[in-house]
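*Asks:* First the structure, then my questions, so here it is.
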Amino acid sequence: MGKENCTTVAEFILLGLSDVPELRVCLFLLFLLIYGVTLLANLGMIALIQVSSRLHTPMYFFLSHLSSVDFCYSSIIVPKMLANIFNKDKAISFLGCMVQFYLFCTCVVTEVFLLAVMAYDRFVAICNPLLYTVTMSWKVRVELASCCYFCGTVCSLIHLCLALRIPFYRSNVINHFFCDLPPVLSLACSDITVNETLLFLVATLNESVTIMIILTSYLLILTTILKMGSAEGRHKAFSTCASHLTAITVFHGTVLSIYCRPSSGNSGDADKVATVFYTVVIPMLNSVIYSLRNKDVKEALRKVMGSKIHS
């Protein structure tokens, strides 16, 4: 691409998920419904954990942070995506694009580490129940959660600082529904080898470390479950672990497929569809899998609703 086609940009144009007019209403209603459920479930979960004393445990401490992160990064992306479905002007300012990417990246990396911490928490609870409250003390919980947010912030700052150094772009049209880094980098005129290499290395390192923690934790949990004498206890534990691993597999699978591979130079429709799963669907599924299927949460919700009705 010749240098004469390169220029600075003041704004980007987000193409969105589809340019087929007949799909606009269906897409809008579908994602509005998913976003509504996501907000209600995650904010409701946070509130329930705060008001219910029986949920003041390490597991629900981390679950409240997961709900907060899911709420945040879904809200960073979905409202703008919904607005762009019907808007002819799909522009987002350069600054707005960078801010959206930074906040999104911070939340996603935080969730990557938070899911690993939650897997470790389940390992301690099931495999070492007598030491659970000591091992996962308030101080330890705060330190682990803080580390997750710190890793998310640092990784995002690295990518943001490198992205801000790109002087010229050959186009301002992003083939995506939000400002993700790979499609933005594909528009750069300058050499982005460092950007792409760091994106690959950081994502691969984060994924490798956290997946290893998750797999090790659940393997040890599985070993403990198989030793249980109660068939009902085994079934309940298997069901819980299977649902957790399903959500984790979908989340990490899409992250791996998009960020932990050599750059293809563009963001195709397959990438956009895959991205929908961990930016829109997973925040909703997490609230269902980690909370609505949980007996303690159901009991706490029933107690809170009962007290409201009788008051």
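Placed from the backbone N, Cα and C atoms, the Cβ positions cover glycine too.
The model shown is predicted, which means the values in this text are computed figures rather than measured ones.
Take a look at what Swiss-Prot says about it:
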- CYS97-CYS189: disulfide bond (DISULFID)
- ASN5: N-linked glycosylation site (CARBOHYD)
- ASN195: N-linked glycosylation site (CARBOHYD)
- 1-25: topological domain 'Extracellular' (TOPO_DOM)
- 47-54: topological domain 'Cytoplasmic' (TOPO_DOM)
- 76-99: topological domain 'Extracellular' (TOPO_DOM)
- 121-139: topological domain 'Cytoplasmic' (TOPO_DOM)
- 161-196: topological domain 'Extracellular' (TOPO_DOM)
- 218-237: topological domain 'Cytoplasmic' (TOPO_DOM)
- 259-271: topological domain 'Extracellular' (TOPO_DOM)
- 293-311: topological domain 'Cytoplasmic' (TOPO_DOM)
- 26-46: transmembrane segment (TRANSMEM)
- 55-75: transmembrane segment (TRANSMEM)
- 100-120: transmembrane segment (TRANSMEM)
- 140-160: transmembrane segment (TRANSMEM)
- 197-217: transmembrane segment (TRANSMEM)
- 238-258: transmembrane segment (TRANSMEM)
- 272-292: transmembrane segment (TRANSMEM)
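Show me how these features fit into the structure around them.
*Replies:* The secondary structure of CYS189 (disulfide bond), as reduced to three states from DSSP, is coil rather than helix or strand.
In sequence order, ARG170, CYS189 are the residues of the chain that are 6 or more apart from ASN5 (N-linked glycosylation site) and have a CB within less than 8 Å of its CB.
Around the Cβ of ASN195 (N-linked glycosylation site), a 10 Å sphere holds 22 further Cβ atoms from the protein chains shown. In the three-state DSSP reading, ASN195 (N-linked glycosylation site) counts as helix.
Model confidence over the topological domain 'Extracellular' (1-25) is summarised by a mean pLDDT of 82.
Counting residue by residue with DSSP, the topological domain 'Cytoplasmic' (47-54) contains 7 helix, 0 strand, 1 coil.
Panel annotation: around the topological domain 'Cytoplasmic' (121-139), residues 58-59, 62, 217-218, 220-221, 224-225, 237, 241, 244 of the same chain, lying at least six beyond its termini, place a Cβ under 8 Å from a Cβ of the stretch.
In terms of DSSP helix, strand and coil, the topological domain 'Cytoplasmic' (218-237) has 16 helix, 0 strand, 4 coil.
Panel annotation: around the transmembrane segment (140-160), residues 58, 61-62, 65, 98, 101-103, 105-114, 117, 181, 195, 198-199, 202, 206 of the same chain, lying at least six beyond its termini, place a Cβ under 8 Å from a Cβ of the stretch.
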*Asks:* In the same chain, who gets a Cβ under 8 Å from the transmembrane segment (100-120) while lying at least 6 residues past its ends?
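*Replies:* That would be 59, 62-63, 65-66, 69-70, 72-73, 76-77, 80, 92, 144-145, 147-149, 151-153, 155-157, 159-160, 163, 178-181, 184, 206-207, 209-211, 213-214, 217-218, 244, 248, 251-252, 255, 278-279.
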*Asks:* At a 10 A cut-off on CB-CB distances, which of the disulfide-bonded residues CYS97, CYS189 has the highest count?
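*Replies:* Ranked by Cβ atoms within 10 Å, first place goes to CYS97.
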*Asks:* What else in the chain is close to the transmembrane segment (55-75), if you only count residues 6 or more beyond its ends and a Cβ gap under 8 Å?
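*Replies:* For the transmembrane segment (55-75), the far contacts come to 35, 38-39, 41-43, 45-46, 48-49, 103-104, 107-108, 110-111, 114-115, 117-118, 121-122, 125, 132-133, 136, 141, 144-145, 148, 279-280, 282-284, 286-287, 290-291, 296-297, 300.
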*Asks:* Determine which residues of the chain contact the transmembrane segment (197-217) at the Cβ level, with the cut-off under 8 Å and only residues 6 or more beyond its ends counted.
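*Replies:* Contacts with the transmembrane segment (197-217): 109, 112-113, 115-116, 119-120, 122-123, 151, 155, 158-159, 162, 181-182, 185, 248, 252, 255-256, 259-263.
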*Asks:* What is the separation, in Å, between the Cα atoms of CYS97 (disulfide bond) and ASN195 (N-linked glycosylation site)?
*Replies:* 17
